[in-house]
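K.L.:
If you scroll down you'll find the structure; I have some questions about it.
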Amino acid sequence: MSDQYHDDIMCVDGRRLPTLFIVGAQKCATSSIAKQLFARSAFSPGRPFEDQLWFSSAKEHHFFDVPERWRRGLRYYATSFPRCSEAQLTLDATPNYLSSAGAAARLAQAYGPARLARTSFVVVLCEPIRRAQSALYHFRGVMLGAFIFPLVPAEQQTPTMRHIGWPWRSFRDRVHRDVRARTFSGALYAMGRYGAQLDAWLEATGRLSVVPLPLYSRHELATLREIECRVMHRSAHGTDPPADACDASRVHEPPPGARINSNSHPPLWADIDRADAATLATSFECSNQHVHVLLETHPNVSVLPAGFGKQEWIHFLEPAYLPPPEARSRAPPWLAYGAIPLMQDVLTHLWRPSAPTPRVGRENWVLTLLLFALLLAGLTTACGCTVHVLRFRVPSRSAVLV
């Protein structure tokens with residue numbers, strides 16, 4: 001390593017450790033924010049691990065939530081980031097960190113007090129029932145790819161995949177089954193109980209910046225600028241910037257960009273029974289209240305972007321999924337059961353079989369063979385009908401000559 005970086009504590013074995021962690025929540029626009037930060041060139045992307053232990057990417061490193069990786073130490077973690085001479089800032093936006101038990105403590109232990117002081121921690125939060133619905137259709141698409149092209153063992157299924165169960169299950173059906181069973185401990189819901197998760201990260205890191213999704217959706221550029229400003233100041237000085245130094249509330253906002261990893265699915269009001277929604281909402285009440293207390297009273301929790309009224313985010317965790325009655329009456333019944341997303345997912349994986357998606361296991365070989373048998377039978381029947389019609393309609397050459 002060059003003497004230029006000898007005293008740089010964020011440079012390990014010549015690699016630039018991240019000074020920004022976007023630790024969650026999953027399906028709350030973390031991919032969109034990370035991509036925009038990379039595009040603005042302040043942050044350099046990392047690179048995937050080559051160990052094949054679990055998924056990783058330029059954005060999601062999955063180090064502190066994968067035991068086989070974090071046991072290898074900080075020097076191994078550094079190998080997934082660019083050289084110090086090539087990067088001023090790097091980030092790790094693994095959204096599973098927020099809900100992964102022990103991830104915060106592992107990060108704090110690996111970094112130590114000096115590095116923690118120069119590191120910023122951002123959490124993006126969204127309404128937990130909508131988060132659960134988005135997660136179901138995201139992973140259902142992954143599972144449909146596995147259903148058609150099963151490649152890896154079942155032990156690599158995520159807790160969310162195990163909670164979904166069948167890859168064609170709608171959110172309405174999953175919630176209704178859980179309401180009847182009187183259990184809301186599945187991963188789809190557990191990952192949306194942010195209260196205890198924020199407590200764990202506050203205890204380990206000492207501070208958090210929380211981005212309510214509605215604030216980011218309305219003020220994307222302000223959010224990005226404030227994150228950049230805060231990270232740059234803390235990485236250089238080890239302290240938060242002065243109160244107004246990073247205020248970006250007056251920037252001119254361009255039209256919002258497209259969301260990354262946003263899967264098509266029915267509107268929530270068409271994808272959940274009203275009674276089931278009310279029951280499910282009660283399971284989040286205590287957690288949501290705790291989050292609001294932290295945002296309004298905790299001295300080491302800041303809401304980003306700053307400079308906007310509390311009325312823009314104060315109710316952002318409360319479910320709002322009921323449309324006007326006339327809208328509900330116009331909704332076709334098949335829409336509520338996810339028929340359109342199901343067909344889109346199937347066609348996507350048929351059209352792009354080489355897409356890099358996790359697979360769900362060998363037991364799906366039987367289902368895969370059954371699927372192709374049905375497709376073959378359908379094609380055979382169609383071809384047989386076509387030949388029959390042609391024979392009936394097209395006269396033979398001898399008949400024409402006569």
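Positions of Cβ are set from backbone N, Cα and C atoms, glycine also.
Sharing the features that TrEMBL gives for it:
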| type | residues | note |
| --- | --- | --- |
| ACT_SITE | LYS27 | active site, for sulfotransferase activity |
| BINDING | SER134 | 3'-phosphoadenylyl sulfate binding site |
| REGION | 240-266 | region 'Disordered' |
| TRANSMEM | 365-390 | transmembrane segment |
K.L.:
List, in sequence order, the same-chain residues at least six positions removed whose CB sits under 8 Å from that of SER134 (3'-phosphoadenylyl sulfate binding site)?
P.N.:
LYS27, SER262, ASN263, HIS265
K.L.:
For a quick check of packing: other C-beta atoms within 10 Å of the C-beta of LYS27 (active site, for sulfotransferase activity), how many?
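P.N.:
Result for LYS27 (active site, for sulfotransferase activity): 27 other Cβ atoms within 10 Å.
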K.L.:
Which numbers of helix, strand and coil residues does DSSP report for the region 'Disordered' (240-266)?
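P.N.:
Secondary-structure breakdown of the region 'Disordered' (240-266): 0 helix, 0 strand, 27 coil.
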